[in-house]
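A.B. asks: From TrEMBL, for reference:
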- 88-605: domain 'Major facilitator superfamily (MFS) profile' (DOMAIN)
- 90-108: transmembrane segment (TRANSMEM)
- 128-146: transmembrane segment (TRANSMEM)
- 158-176: transmembrane segment (TRANSMEM)
- 182-201: transmembrane segment (TRANSMEM)
- 245-265: transmembrane segment (TRANSMEM)
- 286-308: transmembrane segment (TRANSMEM)
- 320-340: transmembrane segment (TRANSMEM)
- 361-380: transmembrane segment (TRANSMEM)
- 430-449: transmembrane segment (TRANSMEM)
- 455-481: transmembrane segment (TRANSMEM)
- 488-512: transmembrane segment (TRANSMEM)
- 581-600: transmembrane segment (TRANSMEM)
Amino acid sequence: MQRLRLVPAAPDYNLHRCCLPSICQAPFDLIVFYHLKLFIMTKQEASPDDISPGHNDQNIVPSNEDELRSKILTAERSTLPEGYFLSREFVGTFGGIAFSLAATYFAFQAGAGALININQQIGPSENYYLFSIVWTVSQPISMLLFGRLSDMFGRRNLALGANILGIIGGIIAATSQSINQLIAANVLLGLASGIPGSYPLLTGELMTNKLKFLGTIVVVVPNIIATGFGPYLGLRLSILSSWRWIFYIYIILMVIGTTLWYFFYHPPSFVQLHGTSISRKAELATIDWLGTFLLVSGLVLFLLGIAWGGQPYKWTSGRVLGLLIPGAILSIAFILYEVYGKPAKPIVPMKFFKDVRGYTCVVIISAITGCLQTALFILWPSQVAYIFGSTTNGWEETAWMSSVVNFAAWAGIIIVGPLFHVIKHLRLQLVVGSAWMTAFLAAMSTITYSNKGSAIAFAFLSTLPIGWGEVMTMLMVQYIVPERDLGVAFAVVSSVRTIMGSIFAAVFVAIYTNKLPGYMTSIVIPALQKTSLSAEAISEVLATAPTASQAALSAIKGVTPEILRVINAKVADAYGHSYAFVYYTAAALGAVCLLAALCLRDFDVYLTDHVARMVYKKEETKEDSLAKHIEHPEGVPKNISLTPISLSISKMLNISLQGQVGIVTGAGSAYGIGRSMVIAAAQAGAVAVHACDLNLSYMDDLKKEVKEMGYDTIIEGHFLDVSNEKQTVALLRNVLKIHGRVDFFFANAGYAVYRPLQDLSVDHFNRAVDVMQRGCFLALKYGSQAMSVTSPDKAEAKGNIIITSSCAAFAGAYADTAYTAVKNACNGLVESGSVQLSASNIRVNGIAPGCTNSSILTSSTLSEKGDQYTTSATKEEIAATHAKFFERGGLYKQKEKFYNRAADPSEIANLACFLASDLALAINGQIILADSGKTTAATGEGFTGPVNPVPALSMS
């Protein structure tokens, strides 16, 4: 990690001014800065996205500085300490996640599998069904609260607290003497489950973007035992030993997980996230309390109503409606409040959903896979019992057959998951997975009593992509939100899938229970009427069939083994026809999932070595991550704080394009301003830079150079004729499709083939107009429209357009007539554009370089001897050409003068980078001369070559 160094130039400091109490005196801070004579060397990646001054120190610290801290806490794989992924902190953290996760789902799955036997031993109670319901209601609430609160306060203490709560719940469950006591314990277990259930977040943020799925697989492998074998083990323990061992095992696993977390899990702490100038109490006051109340109360009431509807109470009963209606009203009120109430730190930031082809599509895919997974996990075991119960050899075969969907989900995660970053084409992966899932869900509608083998195959194959898709979406969402919102963004996706799963589980059950009576009447009764059974016996068969008990059916008067086979076959057919409608609905949902996958934008650009968060040694979490990256200048006493006053100065002078996406034209040369701007933007932390030119032969070298410098900025080369309207629009749309935003546009493409006026052709003049004037116009017109597109991490329209002008626009002796005229027009575009686009929060500025060592200047020089025009001149070729050029007099005759120097392209690029950053908020509509003072010195004659007499006009 690079450090932000404040470097002194002289020892005369005027230090007492650093103690000013208010940041309202920001202009005076700048004066203090110059008294201190400090400057910032900015190879480090992090800086605030917004430097607008607040009314006091408190306004600056929790907002802008927190954003800067969040960026500082990120890393790249190349900057991680050696052996980081094998360090005890990292391995211990992942071990803690694995044990906690296995414990969480073992208690739930095994407990649900043994519930009937448990109810017989410490019941019976008609409330036993609440055991699973309270857990599924508690988990999404726990996830949502953990997501937002852990972003604010850090994850460690909340994770440890949740595990301790789970251990307490496990002790209560293991010692329960009644079903009601066990239900109360499961409320605690459900609330504790949200944190281990957030394993894709806990592991994903610690891995590189490319390897997130591999990290997740490491912790889920032990969970195969919990979810795959859980129901079987729970039932076996309840029969052969004691059901209490389910919770003893939970406590043992959870204690191990908690111990590992206590010693090794040290993610960013509150101090690292917020510094020492704000207290936990102050941060607590910023919680969205009203939103939290509306969300929790609305979800609890609505989900309980959904869970009770149909069974054990009718949907029209007062108890169910009394839960559903208030729950729905509170949930709607929550959404309206979050949208229009605009809380400072919303529990669910609705801005995420503005990213339709990113975040919203991911949420839809995740929600539908959640619906279908819940449906299969709940309905498939009952389907096995009702359709194939009479054909299995005892409870063990039934249990194994019921576990097919559990194993299929994990098989998808473990078999397909490791190929996540190898196959790439994430959008296509989801399209294929959604189509696969939809096809086999439709096939499950054909399941009957006589095709058990096909039923097992269809159940396995339809579930195979569901678990994989679930994890994939919960990892993908971490690519497209700021690091400071990782927790809440993940929590929304994860909880929505759980909530929608609960809702559609009730819908699916309602579908088949409503269809079943009709098929029992049309299929079972006619078949039994052909037997010797009496009408009374037939009625008893219909009443007993839902128990799926062969013993109970055999006990009915008149039922012989032959009649029992008829009953089993026809009842199975009735259930098969009823379940078919469930799978018709499931297939329709799968089609919606497929549509969302097709609409998804490309995510491959995010498969980088970026690491969102790290685990640290315990002592490292006690240091302010921001202060750690600021060194006191020599001579400044250590007791003089550099925050928040002097930090506000560093913000003003630390160029950053952190999180931004930009376009640079004229970036294809071997050595030039455009190429240098791409590198400067990468150094300033830009997410991506799209480099455009007619010549892309040096683009691979540019990408390699940026990568070797240690920056993970995405560099993409594009063939672009800047004068072509369609190409310009297509480019901008492509960038928006990939990133969802455009933040700066450096219109730098140039055309410099020198011609004396008498030799200047109309075609040459028109080409100069096309490239430099029309190209800049298109950048203004369409670049501004692209900057007006918002996304979750860009809440409002804003941006910066920088146009490369020239000192030739200020002195006629610097270039030919075409170049001079067009650059004057560019200045007009800057001035007019800055006014026209001010309503869109878009700044427009220009840079007027003087003589610059670049390929284009060499091209114009070479053109005097045979009309050669190239952007491929190397730095060495440029130096050789310029050496000869400078000897002929004029501009470079007196080399000892500073104004006669030739600028390096990086000097112009750094200025463009500054104008694109928030440090230049006060600069708009300006053309900045960057010619080393040449124009001011007024000695430009002879710059471009001889000025020849104009010949007489030919009369022929």
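We number each residue from 1, going along the chain as drawn.
Each Cβ is built from the backbone N, Cα and C atoms, and glycine gets one as well.
Note: TrEMBL annotation is automatic and uncurated.
What's the neighbourhood like for these features in this structure?
C.D. replies: Summed and averaged per residue, pLDDT over the domain 'Major facilitator superfamily (MFS) profile' (88-605) gives 88.
Proximity of distant same-chain residues to the transmembrane segment (90-108), defined by a Cβ-Cβ separation under 8 Å and at least 6 residues beyond the stretch ends, is recorded for 84, 132, 135, 163, 166, 170, 173, 189, 192-193, 195-197, 199, 202-203, 206, 215, 218-223, 225-227, 230, 233, 246-247, 249-254, 256-261, 263-265, 615.
Counting only same-chain residues 6+ beyond the ends of the transmembrane segment (158-176), those with a CB under 8 A from a CB of the stretch are 100, 103-104, 107, 111, 122, 142, 146, 149-150, 182, 184-189, 191-196, 202, 244, 247-248, 250-251, 254-255, 257-258, 261-262, 265.
Residues of the same chain lying 6 or more positions beyond the ends of the transmembrane segment (245-265) and with a Cβ under 8 Å from any Cβ of it are 88-93, 95-104, 106-107, 110-111, 114, 156, 159-160, 163-164, 166-167, 170-171, 173-174, 185, 189, 196, 234, 237-238, 615.
Beyond the ends of the transmembrane segment (320-340), by six or more residues, the same chain brings 288, 290-291, 294-295, 297-306, 308-309, 313-314, 346-350 to within a C-beta distance below 8 angstroms of the stretch.
Cβ atoms under 8 Å from those of the transmembrane segment (361-380) belong to residues 353, 402, 404-406, 409, 430, 434, 437, 441, 459, 462-463, 466-467, 469-470, 473-474, 476-477, 480, 492-494, 496-498, 500-505, 508-509, 512, 579, 582, 586, 589-590, 592-593, 596-597, 599-601 of the same chain, restricted to positions at least 6 beyond its ends.
Within its own chain, the transmembrane segment (455-481) has Cβ neighbours under 8 Å at 200-201, 204-205, 209, 212-213, 216, 220, 352, 355, 358-359, 362-363, 365-366, 369-370, 372-373, 376, 380, 387-388, 401, 404-405, 407-413, 416-417, 420, 426, 429-430, 433-434, 436-437, 440-441, 443-444, 446-447, 489-490, 493-494, 497, 603, 606, 612, 740, 792-793, counting only residues six or more beyond its boundaries.
Residues of the same chain lying 6 or more positions beyond the ends of the transmembrane segment (581-600) and with a Cβ under 8 Å from any Cβ of it are 356-358, 361-362, 364-365, 368-369, 371-372, 375, 379, 427, 430-431, 433-435, 437-438, 441-442, 444-445, 504, 507-508, 511-512, 515.
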A.B. asks: Near the transmembrane segment (128-146), which same-chain residues lie under 8 Å Cβ to Cβ, leaving out any that are not at least 6 residues past its ends?
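C.D. replies: Tertiary neighbours of the transmembrane segment (128-146) are 108, 111-112, 115-116, 118-119, 155, 158, 162, 179, 182-183, 186-187, 189-195, 197-198, 292, 295-296, 299-300, 303-304, 307-308, 311-312, 347-348, 487-488, 491-492, 494-495, 498-499, 502.
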A.B. asks: Which residues, given as numbers and ranges, are at least 6 beyond the ends of the transmembrane segment (182-201) yet have a Cβ under 8 Å from it?
C.D. replies: 97, 100-101, 103-105, 107-108, 111, 118, 122, 127, 130-132, 134-147, 158-159, 162-163, 165-166, 168-170, 172-173, 176, 212, 216, 219-220, 247, 250, 257, 471, 474-475, 478, 486-487, 490-491, 494
